[in-house]
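*Asks:* This is the structure I want to talk about, given as structure tokens.
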Amino acid sequence: MENFPIINLEGLNGEGRKATMEKIKDACENWGFFELVSHGIPTEFLDTVERLTKEHYRQCLEQRFKELVASKGLEAVKTEVNDMDWESTFYLRHLPKSNISEVPDLEDQYRNVMKEFALKLEKLAEQLLDLLCENLGLEKGYLKKAFYGTNGPTFGTKVSNYPPCPNPELIKGLRAHTDAGGLILLFQDDKVSGLQLLKDGQWIDVPPMRHSIVINLGDQLEVITNGKYRSVEHRVIAQTDGTRMSIASFYNPGSDAVIYPAPTLVEKEAEEKNQVYPKFVFEDYMKLYAGLKFQPKEPRFEAMKAVETNISLVPIATA
């Protein structure tokens, strides 16, 4: 079996650049996922993020989760649960406007650290989008502009903890899905595993590695590349031992951004056979996704194509 792609971003400097870019290209085309090491975010800083996130869970969220489990009788289930996930979560919004100062129960240090964390990940996301542009033969800045909308991209973080589960065979940590948005950057627990992706009909573990950032591609990048890159189904398997930390940051298009395949990536044959992905306003896709997240993505694309309107397309200026 092929090894899960692990990419050292330091390889972009010097003679290793071509090989590193080829690894990124292969990961985007064949996996939809890859793991970054030497990505430029200091390891000491990531240690602080992890420590404060786990402290916050223990102090503010753990008891609430136990009460939720008890109220729904989840510890005693005998049949598979298909309408809930075994996870404790909260959300932080960064762009276009941050809500970190308004989120309750966050210690000041944790609040400030997560603001800094968001800035570092935003910078990394935009660097990666330009690397994808380079591999796709698009102008530098094309993908960032494609995401822009009126007020810039949307960017937020889902902070999750997956506590020990007595019946992991009956309830998932997170049910299988593809991500609706653009580029996802995940800082995950390196001691407790659980994340899996679907490749060639097999569920494959995403290896937990200390201080790495896991990248996966969302549905919008599949549309913009007209299927050259694809979003991939993934899930979280609950574990009987240990609480798994997951901090997933989503660099997505602005709500009013018009998403459509980059013209240079639409081959003539695909156009003639009407094998071109739809164009739509990102917010409209998200409304559809909200009710269909845990279902296959293809019907979502078909539904958007069916209601496709004459949205005015203007060339994406990258200069």
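Our numbering is plain: 1 for the first residue shown, then up by one each step along the chain.
The backbone N, Cα and C atoms fix where each Cβ goes, and this holds for glycine too.
Pasting the feature list from Swiss-Prot:
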- 153-253: domain 'Fe2OG dioxygenase' (DOMAIN)
- HIS177, ASP179, HIS234: Fe cation binding site (BINDING)
*Asks:* Could you give the mean pLDDT over the domain 'Fe2OG dioxygenase' (153-253), rounded to a whole number?
*Replies:* 96
*Asks:* Between HIS177, ASP179, HIS234, which of the binding-site residues has its C-beta surrounded by the fewest other C-beta atoms within 10 Å?
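*Replies:* Lowest Cβ count within 10 Å among the binding-site residues (HIS177, ASP179, HIS234) is HIS177.
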*Asks:* When you average the Cβ positions of HIS177, ASP179, HIS234 for the Fe cation site, which other residues in that chain have a Cβ within 8 Å of that mean position?
*Replies:* ALA176, THR178, ASN216, SER231, VAL232, GLU233, ARG235
*Asks:* For the domain 'Fe2OG dioxygenase' (153-253), jot down how many residues DSSP puts in helix, in strand and in coil.
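*Replies:* The composition, in the requested order, is 6 helix, 45 strand, 50 coil.
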